[in-house]
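Chemist: The structure under discussion is supplied below as structure tokens; questions concerning it will follow.
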Amino acid sequence: MFEKHKFLIRQYAAVLTVNLSTACAGIGLGWISPVLVKLMDENEDILSPRISEVEISWLVSTSYLVAFLTNYPWGIVMDYFGRKTCIVFGMCLTMTVKFMLTFATKAWMLVVERAFSGTLSGMLICASVAYSAEISSKEIRGSLLSFININISLGTLMMFCFGPYLNYFHLNIAITCTVALCTVPILFLPESPYYLFSKGRIEESKKVLIYFHGSEYEATEEIEQYNLALNSKVNCLEIFKNKMLYKSLTIAVLFALLVNLIGQSIVINYLQSILEITHTNIKSELASVIVGVIQFVAGILAALVTDKVGRKPLLIVTLAGTAAGFTGLGTFFKLKELGYSTEGWINYLPLFSLVAVLFSYSTGPGSIFLTIVSELFEGPARASGVTISFSVASLTAFLLTKYFATFVKLIGPVYSYWSLAINTIVAGLFVVIFIPETKGKSFAEIQSILKSINEENQRDNREYQRTFSLKNTKLKTHF
């Protein structure tokens, strides 16, 4: 028993280490919230001339647009050079970009930095997903992949805690040093066993599998699965030709679209600004920290329960909580619009609503999205499938963050936040109908489930057509 736990601990340690990179991606994600307030503060003299509303919209959204354009090419690079190599390379580039950010004096310089930050964050997250999935045992794969969201939440929490209290220069220097420190432990990790096998380094791959799983039998079995997977290796175009892979991709892409239409990217980027607009008695800096802590705790909770309660039940419950949070936020603005007093408990409604949104999202979709997407594809198609899905997520987040402020001006905050609640409900219905339960199942077993669902749908369709044909025949005979 102790021996088995020893190897599970190794998997946890490796995944935590590789996800130091996603913590740095989280720092980049959370950077905009406190810095945006500084840039808009008339007493701050960071940029010359002062940043405009149009430039703010590009500053917030550019990283998502560039991630959309570059995620798939990064997937090809990842397959060619390896998961670990790409992560180390991405961390070194991130460190350089963050250091250069310190000397930015024009808005366009910040936008360019956000573009680099977006593409590098996308690559770090995709590579971390692939690495984590490929070293993990199926019994704890959901928990291990949840660490991606935990570390992203940790990075944003760090920004919420220190961002409002450090000046612009010191903040960016601190980020540069943090990225440098996080890079060092990753250097000592082995390369992904699947990547090693794909390059013909079979003995090295086997050694890595034995190191993480402890059993030569399991390692040999996994190598056999790799061999089968590699013989059926697919590229992006072949995914669209293969019915089963196309089905997996369709589910993954629609899931990515709906999860990002929920609007969590808006809340993260505009968190401090939203809290200031509500004019509640709580300081926006303190409220940001509270929300960040709760988001981080939610990520840890997800890691503990994902492999126990299952993906679907957790998604359904947390999506309901997210919808309730957006409904509450819209209701607060509606009460203000109608002239009701916002004293007493109503004063805290925006904070409670934002907590509900981020806690629920981080416990459910935020943690499980990448888990489900990576589980829907077998080894040969995983890198391509994950990057395509992540690209769709990035494009959706770009459109939402770029135009949400305009959307709010057109229809007001009430219906804007209520529309996000409706989006969340639609995402919940999609989960109920289309997402398969993947808890405790191997990648081959998940593909079998999708295949059986597909065959059942085809059988039902044939039965429907046969019934419809018989009815038409009877009608023709009758007349």
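Heads up, the Cβ atoms here are built off N, Cα and C, so glycines get one too.
Summarising the annotation, TrEMBL assigns domain 'Major facilitator superfamily (MFS) profile' to 14-439. Sequence annotations record features per position, and here TrEMBL assigns transmembrane segment to 12-36, 56-74, 86-109, 144-165, 171-189, 249-271, 286-306, 313-333, 345-373, 385-405, 417-435.
Any idea what these are sitting next to in the structure?
Modeler: Nonlocal intrachain contacts for the transmembrane segment (86-109), taken as residues 6+ away from its ends with a CB within less than 8 angstroms of a stretch CB, comprise 18, 21, 24, 28, 46-48, 51-52, 55, 59, 74, 77-78, 116-117, 120-121, 123-124, 127-128, 131, 169, 172-173, 175-176, 179-180, 182-183, 186-187.
With a threshold of 8 Å between CB atoms, the same-chain residues lying at least 6 positions outside the transmembrane segment (144-165) that come near it are 11-12, 15-16, 19-20, 22-31, 33-35, 37, 125, 128-129, 132-133, 136, 171, 174, 178, 268, 271-272, 284-285, 288-289, 291-293, 295-296, 298-300, 302-303, 306, 362, 366-368, 370-371, 374.
Counting same-chain residues at least six beyond the ends of the transmembrane segment (417-435), those with a Cβ under 8 angstroms from any Cβ of the stretch are 251, 254-255, 258-259, 261-263, 266, 311-312, 315-316, 319-320, 322-324, 326-327, 329-330, 333, 365, 372.
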Chemist: May I ask for the residues of the chain that lie six or more residues beyond the transmembrane segment (56-74) and have a Cβ under 8 Å from a Cβ within it?
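Modeler: Same-chain contacts beyond the ends: 28, 32, 36, 39-40, 86, 107, 110-111, 114-119, 121-123, 126-127, 236, 265, 269-270, 384, 387-388, 390-392, 394-395, 397-399, 401-403, 405-406.
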Chemist: Which whole number is the mean pLDDT over the domain 'Major facilitator superfamily (MFS) profile' (14-439)?
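Modeler: Across the residues of the domain 'Major facilitator superfamily (MFS) profile' (14-439) the model's pLDDT averages 85 on the 0 to 100 scale.
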Chemist: Among 12-36, 171-189, 249-271, 345-373, which stretch has the most Cβ pairs under 8 Å to the transmembrane segment (286-306)?
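Modeler: Maximum Cβ contact count belongs to 345-373.
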